[in-house]
Amino acid sequence: MERLRRFYPDPVLLFAVILLSLIGFLAILSVRVMPDLLYSLEIQHFRKPLFFLISLLLGLFLMSFVSYALDYKKLNNQRMVYFLVSLSLFFLLLVLLKKLLLGKSVERWLIGTSIQPSEFSKVIIVVFIAYYVARKGAIDRLRFFGWAVLIVVVHSVLLFLQPDKGMALFILLLAWGVMWIGGTSPKIYMPVGALFTFFGAFMLYFGGDYVHKRFSVWQNPTEDSFGAGYQVIQSLLAFMNGGLLGQGYGKGFQKLGPLTQADTDYVLAVIGEELGLPGLIFVFLLYGIVIKRLISIASEVADTFGKLLVYGFMLNITISVVVNVMMTVNLIPPKGTPLPFISYGVSNMLANLFALGLVGAVYKRQLQYRLL
């Protein structure tokens, strides 16, 4: 444990994250390499597993560096916070500009399909709301939070225009969650929650036929079994095929073609089909450890800003896991939310590990206070 502590202040959290990432790597390897192992294995089949591994190693290095080299309190500064917010808005605007220049109907990435600014925007929103609540949490007048609400809504609008309606709603929920957990007055979080709910409903209502179709298919996937309902049906079939004990690692069928997003949004279905209930329980146990450690760290921190950073990143991971699981088993309409540390996604991996680096920086400071 002491060797792990040299790399990251909380070895239990680090160990759980590494195990989740290794499960993700093995799942992606199963999807991309195992089907062709006995036939026509080519170097291109290793591209996604290799990129996943590189992003994991880079992310772990970033996580360790940030936790030990960064003084998180330097983020609790108006200039720094608004610089980060400006950076976030700038890159979201760049995505929209790319969409317009290329004449695409959908664009969410800056470079290929690897760099997705919205993943880093989630981290920045947590920092921004934590800063704002730490400064004005005791104030019960809504007008003092107007600027914070506006910044969040602008982020949500830019995401809606990409269009990434799911992420637009995610940002609203995440920001409200940090406000609520930060102990703001009901005179603040209740009207803000009502405003965000109204705005989210407005986006869904005017989201076009695509959004309406997703809601329709959610209620009855077989209505469009070869279109919008296809992935959900294949995901449910994967869990059915897996049964109680699973088909065995690398022996899943749905990943061979029917489940086209097997290494991203629906990677949990691959785990369920191949590793069965024991595999799923192990994954959920690891997430439980991650969330429990984040809550424990946050509860120990006396500094309001640091406490809200940790709680905010805990909410980010928790919401992502809950949404992904519910989407995979068709409890909510399909929404492209990666499973943290397991789904393929360079930006998601780097953003989550950077966030845990900030958690480490907060925890390191708390450990230093204990020794004084």
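Glycine residues also receive a Cβ, built from the backbone N, Cα and C atoms like all the rest.
Unlike curated entries, TrEMBL annotations are predicted automatically.
Here's what TrEMBL has on this protein:
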type: TRANSMEM; residues: 12-29; note: transmembrane segment
type: TRANSMEM; residues: 50-68; note: transmembrane segment
type: TRANSMEM; residues: 80-97; note: transmembrane segment
type: TRANSMEM; residues: 109-132; note: transmembrane segment
type: TRANSMEM; residues: 144-161; note: transmembrane segment
type: TRANSMEM; residues: 166-182; note: transmembrane segment
type: TRANSMEM; residues: 188-207; note: transmembrane segment
type: TRANSMEM; residues: 266-287; note: transmembrane segment
type: TRANSMEM; residues: 308-329; note: transmembrane segment
type: TRANSMEM; residues: 341-363; note: transmembrane segment
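In summary, the transmembrane segment (166-182) lies against the transmembrane segment (308-329): three or more C-beta pairs, each 6 or more positions apart in sequence, are under 8 Å. Non-local neighbours of the transmembrane segment (144-161) in the same chain are 85, 88-89, 92-93, 95-96, 118, 121, 125, 128-129, 132, 136, 167-169, 171-172, 175, 179, 184, 188, 192, 195-196, 199, 203, 207; each lies 6+ residues outside the stretch with a CB under 8 Å from one of its CB atoms. Between the transmembrane segment (12-29) and the stretches 50-68, 109-132, 188-207, 308-329, 341-363, Cβ pairs under 8 Å are most numerous for 341-363. Between the transmembrane segment (109-132) and the transmembrane segment (266-287) there are fewer than 3 Cβ pairs closer than 8 Å, counting only residues 6 or more apart in sequence, so the two stretches are not in contact. Long-range neighbours of the transmembrane segment (188-207) within the same chain, counting only residues 6 or more positions beyond its ends whose Cβ lies under 8 Å from a Cβ of the stretch, are 139-140, 142, 145, 149, 152-153, 156, 160, 163, 165, 168-169, 172-173, 175-176, 179-180, 215. Non-local neighbours of the transmembrane segment (341-363) in the same chain are 8-10, 13, 17, 20-21, 23-24, 27-28, 48, 51-52, 55-56, 58-60, 62-68, 70-72, 75, 114-117, 119-120, 122-123, 126-127, 263-265, 267-268, 271, 283, 294, 297, 300-301, 303, 306-307, 309-310, 313, 316-317, 324; each lies 6+ residues outside the stretch with a CB under 8 Å from one of its CB atoms.
A Cβ distance under 8 Å defines the sequence-distant neighbours of the transmembrane segment (50-68), meaning residues of its chain 6+ beyond its ends; these are 7-9, 14, 18, 21, 24-25, 28, 114, 344, 346, 349-350, 352-354, 356-361, 363-364.
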